[in-house]
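The structure under discussion appears below in the form of structure tokens.
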Amino acid sequence: MSDLLDGDARRASLGERDSADILKPAVAAASEHHAELASAPNATLAGVRKKLATEWRRADKILIVGGIFLINFIVAMDSSATGTIQPRVLSDYNAMTRAGVISTVTYLLIAGIRPVFAKISDVFGHLQGLVLAMLLHTLGFLVCALARSFSAIFGGTVISVLGQAGYSTLVAIILADILPIHLRGAITAYTSIPNITNYYLGIEVGSGLIDRWHWVYGILCILAVVCSLPALFSL
């Protein structure tokens, strides 16, 4: 009986050693590949190397998620408030027939600029991409707030839409980089709450200031900076 047990133990030990021997090359290859990816200067882009080298603490993640919540707040406010005042703005400049042009151009820009911001994030990093998005978003609102013609409104809208698309792209990338898979869905839903609340809040702001619609763009210009700062400082 003891011989039989000893034989089983020996066979189990040999099986474990065989499994370990089989896995060793794969583990070693994976480790070498990760080391090359993280350290070789020409193996990947600077922004990607920075992401691989960064270890996010719990406090950092909470601050970043809070900053992303505020970014979604201003993006949702932008869409709702500017959509409310747009008919009045176009009417003031006798440009109602050009509403379709603005919509078409902005949708095309959103589709085309997102890969650019994704590449900026890889090449330079999250922070640089967010700074660029904030500058474009703020500059677009400023141009619209000071506009005295339809051309200025159109140009400011195009610039702000570029920043808005940059925000949307970078928010998705940042959440995917700092959060484990099982938390991404819940946190993404949490940070998207402003898309519901600001649908009504933006309409109220736009309706209340529709006779002084320049102030709507001015308020959005200030909020674009204020709401972006927490995310910028936490990255």
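Glycine too: its Cβ is placed from the backbone N, Cα and C atoms.
The annotation domain 'Major facilitator superfamily (MFS) profile' is assigned in TrEMBL to 64-235. The transmembrane segment annotation in TrEMBL covers 59-77, 97-117, 129-148, 154-176, 183-201, 213-233.
Away from its own ends, the transmembrane segment (129-148) comes close to residues 74, 78, 117, 120-121, 155-164, 166-167, 170, 214-215, 217-218, 220-221, 224-225, 228, 231-232, 235 of its chain (Cβ-Cβ under 8 Å, at least six residues beyond either end). Mean pLDDT, taken over the domain 'Major facilitator superfamily (MFS) profile' (64-235), works out to 89 on the 0 to 100 scale.
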